[in-house]
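Note sheet for the following structure.
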Amino acid sequence: MGEIEGTYRVLQTPGTRLGTQIPAGVSTLEPGQTLSATVAQASARMQEKHLHIRVKLLDNTMEIFDIEPKRDGQTLLTQVWRRLNLTECDYFGLEFQHPRSYWIWLEPMKPIIRQVRRPKNALLRLAVKFFPPDPGQLQEEYTRYLFALQLKRDLLEERLPCTDTTAALLASHLLQSEIGDYDETLDREHLKANEYLPSQEHSLEKILEFHRKHTGQTPAESDFQVLEIARKLEMYGLRFHRASDREGARINLAVSHMGVLVFQGTTKINTFNWSRVRKLSFKRKRFLIKLHAEVHGPYQDTLEFLLGSRDECKNFWKICVEYHTFFRLFDQPKAKAKAVFFSRGSSFRYSGRTQKQLVDYVRDSGVKRVPYERRHSKTRMSIRALTADLPRQSISFTEGMRTSASPSSTNVSFYSVPTSPLAPRGPPDFKDSSNSLTEPQAPDARRPAAERSSGVAADGDTRRAQSPGPPALQPCQGLSMESPQPSPSTRKSPLSLSPASQVTLGPAGQGLCPLLSPALSDAGGARMDGEEELKHKSTAADEAYFIAKEILATERTYLKDLEVLTVWFRSAVVKEDAMPADLMTLLFSNIDPIYEFHRGFLREVEQRLTLWEGSSSTRATGGHQRIGDILLRNMHQLKEFTSYFQRHDEVLTELEKATKRFKKLETVYKEFELQKVCYLPLNSFLLKPIQRLVHYRLLLSRLCGHYAPAHPDYADCCDALQAITEVTSTLQHSLARLENLQKLTELQRDLVGVENLITPGREFIREGCLHKLTKKGLQQRMFFLFSDMLLYTSKGVTGTSHFRIRGLLPLRGMLVEEGEAERSVPHCFTICAVQKTVVVAASTRLEKEKWLCDLNTAIDAAKSGSDQSLALPGGVVCAPPYRSSEAAALEQESGDARGCHGTLEGQGQHRANTTVHVCWYRNTSVSRADHSAAVENQLSGYLLRKFKNSNGWQKLWVVFTNFCLFFYKTHQDDYPLASLPLLGYSVSVPKEADGVHKQHVFKLQFKSHVYFFRAESKYTFGRWMEVIERAGSSPGRARCPEEEA
């Protein structure tokens, strides 16, 4: 039936006869009015009821959203997230301005018309709501891009106060992200048309100077540089709320991931961590913080602050509630049931996902990353983006794509680094990748957000993005300018600071924040039981891949170790002007070129591993699944650094002499060793460069053993192995001297009562705990065996870290007898020296055999009267360097001068994970052979850790070195969260009674202390078992021939 204009349609009813005339019905329309016109008018009236809300995005584009008036804020937020294709949307929010000029966040659960006055005329803007302390926790490149735009807005609105140099550096990275590589003419034109900083003309030259040094950085790298610099600033992510305290003093309140902050002006005067806060509330204009009774200390139980109005007070309270929930809780709280008759207090609750939920969602949902287009960064592409093979964005950013740049200042010159050109890159790879870090240029760079989110996705072939790497060496890179502690990230240019141009690092956020404890990110949060940790399931179980990954992991740790010297120690001595200029030149002229070389090497390995993983996931094979070409090129280049390596023992000697001569340097040295970043004795970091060469040789040997001769990577690996073997053979004696000198220097600081311990020809052999028989019975003593004498000591006064000398026994004329049967003391033996006889007992038979073997060998060597030292494992002989009698006398005089310092006990605290202290508390011993073997058994990587009585697995970056496991949140962290000395621990596979039913799990146990660790693959599981077995069992020397017989 058709429709008759001017009437209602009449339906056929039962009983209607066919062929009869259909009645016209009754019309309710006015004469001359048609139905279609009526429908159009009704539609117009409905459109008038819709709200057309304007939203200003972070790139300053304006978007219009149609929302029904009674809809809540979540409806608008959902539309914005969909239009932007934003995955990590919970970090963001929409804010609007109150008539009193402060900004208010749009609440998701409340109708828009009840929040925004005159919504038709209102302007909402997209903004970052929650600022994580580490940008590595942001898993999407697009999210980091939006964060960078937020920081750009904050700089322009003066909400991110910093020094002029820091602001210029931030602006230069934003400029690199926007328009690409440096071109003075285009830069000036762009800066003339676009404002990055208030009073930008005053910093124009600084911006251009910094931008010139960013050549080659992709936009993704520049974004991360911006985040990395900004996070170290004290005002990062903070929004001030004006208030006053009880005395009426003007203050500013702010909230961050760690808690509620109090500022006077822009100076932070107090921090109330979430762990200290029991309750947050407000009453009219009063904002109340109730502290836990045991932590409020000098403060009252409840702190009170007065804000401008009740609305301002409630707004700040809501922000605090949301921050606490987002960063501190695992799950969002359940909605509070509404009271039937009476309600007391606000029912406001945070309604989004917590950070933990968000991270889990992005990681586990497998959401396909949609390509996006940057608003302005299409003027010019960076050279690097045009010439590089680009990896997928889906590779976890925190697993290896991190760079750093922070402002610093320097006047001390750097030294040229020998370099070899990289292998020529192939043509750009245009394989399909929906997850690119850097997009190709497009003429329509100014398309609105809708096109940016949808139109670009249609471009099927997108360029793979190159793994971010550090920019070229910059004299103003590595430190931020706001605070007293240096805070470099994973890769920084080495610093050379002068007292006149001192720059220190940003302050805040260096401590542990409450959110870092559980389950936060792929880069190091805890995982709940049942979650799979194998990130590269698609990667073939190729041992070569895991060996290459081990090279990458250990290289990251090694570069961090170099930064302890090149960044942190340099900053400490420059700040106090404590080191003589000639020593500073000697030290850093030998370390800086090595550090810079390894920065470039790490960048190459990261890029290759990212491409290797990408080609595995796409089931492609080719030139990316190899590592030999990179190793061959860099191992040949390492030959040019032989002269630097050979001077490290001279550097160590001169540094030790200088600490004796200059009291100020000695004080700085000791204070620096107490810092968290110096997790090993400082002089041990000078051994790392030569020790790293040994690691390269071992890893290359493993690669050559894995590959078949016909494999395309076999020849390069064998040539690289030959090259590094030549270097290590040349440096064998240097390494032996360095290790012995470092150990003697460390003991000189730990032992009280011995003066010139460092003398020509003296070598360390073994240290450990034995029980000496005295009138009072068996007393615990710490014994130190050298090539010419045996020392025994006791622990100093409680609270000190030193050992006091109790006796010195020369080896000449010494006899060792086994007297266990005579004295009825298990594992005892008698040491008969010329003037004294002592009876000692070891903790186990194995310990006794180790001591007897080393004592007898050392006594035989002392009888021969040879000037040659004892043979080291591997046939290396550590001969004493030739010194004239005058030089020896000078050293003797230097040692005597230090005698007064040696008698001072309790020179401050000391870390308890050094081998001396671990041997004391674990009742074991360590030999020179153990130390030499430990050099070959250092390892780094991510592991899942589980305690004996816990259910969840926590992902940690674990570093094994010096017989100790060091635990970090991520590989970018500057210092470990905790350590676990492994001397005395046994390693095994969990038994059925342990209740651990996972693959690749090993168990560490010492008495009642039990830990479980889970590796990502069979290979890494085997490697961790191997290195820990060698360290935990403390094998010592090979057994003597008579013991083997």
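Any Cβ shown, glycine's included, is placed from N, Cα and C.
Since this is a predicted model, take the numbers as computed values, not measurements.
When the ranges 620-647, 648-675, 760-787 are checked against TrEMBL, the one recorded as coiled coil is 648-675.
Under DSSP, residues within the domain 'PH' (936-1033) fall into helix, strand and coil as 18 helix, 42 strand, 38 coil. Secondary structure by DSSP for the domain 'PH' (763-860): 20 helix, 50 strand, 28 coil.
Averaged across the coiled coil (648-675), pLDDT for the predicted model comes to 88.
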